[in-house]
Each structure stands twice: as C-alpha cells, then as structure tokens.
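What follows is one structure encoded as structure tokens, with my remarks underneath.
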Amino acid sequence: MKSLRVLRVLASLARRPSNSPPQNPTGHARYFTAHPQHQYSSDNEAFDSSHYVNPATDSDASVSSSKTLQEPTWNVKYRERADKFIFGEETQKSKLKTALHEEEDDLKRRVLARALLEAALKGDDEEEELVREEDQKSLSVGIIGAPNAGKSSLTNYMVGTKVSAVSRKTNTTIHEVLGVMTEGDTQICFFDTPGLMLNSRGYAYKDVKTRVENAWSTIGLYDVLMVIFDVHRHLTRPDLRVIRLIKKLGEQEDAKQKRVLCMNKVDLVEKKKELVQVIEQFKDLPGYNRQFFISGLKGVGVKDVTQYLMTQAVKRPWDEDPLELGEEVMKNVSLEVVRERLLDHVHQEIPYSIDHRLMDWKELRDGSLRIEQHFITNKLSQRKILVGKGGCKIGRIGIEANEELKSIFKREVHLILKVRLKT
C-alpha cells in the first residue's frame, strides 16, 4: 500500500496536460562525463586521455538535437517537494552540501581568473622597462605550515597563476614549487613546501617522513619564512600538534631570517570577535616579526603581506626572467594542475601512492604544447580505480586539466595521460 501511495503522489506531481508533446526517453540520459570514442581490447593497454572528448554543451545540443529533445519528465518546481516527501530531509541536506562544494570550486576559479586578468591588464598598461642588474632587488620566501592550512591557495593568489595543487585533501603538495612575482625593481620567489605535522613525541609521521624531513632541511635557506596557520580550524577543532609546530618554527633562531605568522581562512570565521582571543593567545609568541590575518582563497589581507615582503627585499640580481614563464616552471605547473584534478576525482590513499611523472614535453610548430604524463600504480586494483569504468575517470581528469592548462599557458595544449602498472 505504501508503494501504491508513493506512485500516486509521483503521478499527481508529474501530471501534465493531455496536449503536451510526447516524451523522448533518450533526451534524459545526459551525463557530464568523458565519453570514449572507441573501446579497448586489452586490459594491459595504456589508457590515453586524448581518446576522450567533452560532451556537447547545452548550446551545441540545442542546435543538433532541437527536434528530438523534449522537456524533462518532471517539472523542476515539483522535484524538491517530491524528494522531500519520498526521501526526507537528508536529500535536501545532501543537495545543499553539494551546492556548497560547487560554489567553493567556482570561487577558486573566479579568483584565479581575476588574478590572471589583473596581471594581463597591468602588463598592457605599464610598459615593461628593463631593470639594470645593479638596481635589482629580490627575496626568497618559504611558505610552510601544517597540512591543508591553505599554503597552495596563498601561493597561487600572490603569484597570480596556478603554480601549486589546491585540493580539500591534506598533503597535496609533494615537492617544492617555485612561484615568481616581479613588481618594478623587486622580484619575490615563493617556495611552497609539503605540509608539516609532528606526532605527540615531536617527530614526523612515518608515511610522510621523507617529505617532511626535506621541508625541515630547507627552512634556513629562505630570506623570509612565512608560517601559515588555519585560524578557522583552531577555533572549531583545536589541534595541539599545530600549536607545537608553530612554536617550534618560532624557536629556530636565525638572525638573518624574518619570520611571519599568517592566520589564514579568516573568511570562514563567522564571529569575528573570536579572532580577538586568537590575538591574545599568540601576541607574545617568540620568534615572529609580524602577524597577519588573511584569506588566501579570497585575497583578504594578502596585499598587506605583499607590501611587507616588498620592503624586505635585498639588493641582488633576479633569479628568473620576469618576461617569460620558464620551461621548468611550466612543467611544474602542468604536473600540479593534473595532480589537483587527480586529488579531486580519486580518493582514499591512492593519489599518494601513485608515481606521477612527466614523460614528454614538446612545443609543436603551430605553437601548441604536447604534454605527456604517466601515472604508475603499484597494484592492478589501483590502476582499475584510476582508469574508471570504460576509462571515464582518467578521461575526465585529462579533459579538465587540459582546459585549465590552456587558460594558464594561453595556447593550445595536447595533454596525454596514461596509466600503467609498475613492472
């Protein structure tokens, strides 16, 4: 009887006028995934993301299929009522959570696009003048902190382009990534380091021991050490390990190095009065020259940090050519962009156990780039998960990364991703 009542409700919600056009069931299966153009015959064959294409957009579909596609079966205004009646409140909460994640991803893209646009407009309005070597000033900045504190987002915002992977997962950054910002006679080089975390005894965890030890060994190489601290997490879920890490970094004595503590993610703090207690807690913290409240994602307070760094620059020749994006930097960018998409689509421990390599980089005659990268898995099961059903997952990663690289490099990009088993 319950099933019968549900069917009656659905029928009443979906009831249409008798003169409505007949429905076309094929018009409802529109999946936003990568569609393979041909099938693979061998399970051992390497999968290539260039075999996949973007699904048609709404505008393309309306032109090619305007005669076949009909209106959906369910009226949109009734869908929410039907879901709530049949499935309960959880469906609404799930939709809200999905919408929030989509909004966050969209915000990241808009912030990056704005930074790129501002950099482009600045280059058009202000004619670049060669700065004599004796007048050049430079500064090296190491961005360091606990995992998922927002180091990569801040690096990308300050540089004005994507140089490091950004994801909701921890330990996103594997190697140091160089980002360069040049203004006037001053050049600032940013080094984004892997997330640091100590166990209860003050030592690095075994699974990330090598990466963390490398990060600790480079601390003394920078002119300025910028320590990033997730203030929102500190207020909602305090972690004594993070406090211990901040204090240990401040205790590293180096008269030649400046230490800056950046309280990140202030945009997530709803009650701004709570920031006062954070100020009181860290105001007497030894070893730090300045403290800033910032949002690396939205750019709040980042201008103040940039101005401070500009004043700390010392007279010495630049390390990078400001008029061109070096090939090594471009290679790192391509790896980081693909890695970010990998982290978005593949979960659990798999992204951290995969060997990700740049196999080929070639500039073609028409000015486009051919980039080939390989994912090398330790287990056949990992390879199957990364490839996805019919190759849809690796295809989706390749399509999204290819589009982003085109927007960053301002040229056509032919990205090839292959998944193979370690031999």
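Any Cβ shown, glycine's included, is placed from N, Cα and C.
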Of the ranges 108-111, 264-267, 320-323, 376-379, which one does TrEMBL flag as region 'G4'?
264-267
Given ranges 192-195, 256-259, 388-391, the stretch to which TrEMBL attaches the annotation region 'G3':
192-195
To what whole number does the mean pLDDT across the region 'G4' (264-267) round?
89
Quick one: DSSP breakdown of the domain 'KH type-2' (346-423) into helix, strand and coil?
33 helix, 27 strand, 18 coil
Number of helical, extended and coil residues in the region 'G1' (145-152), per DSSP:
2 helix, 1 strand, 5 coil
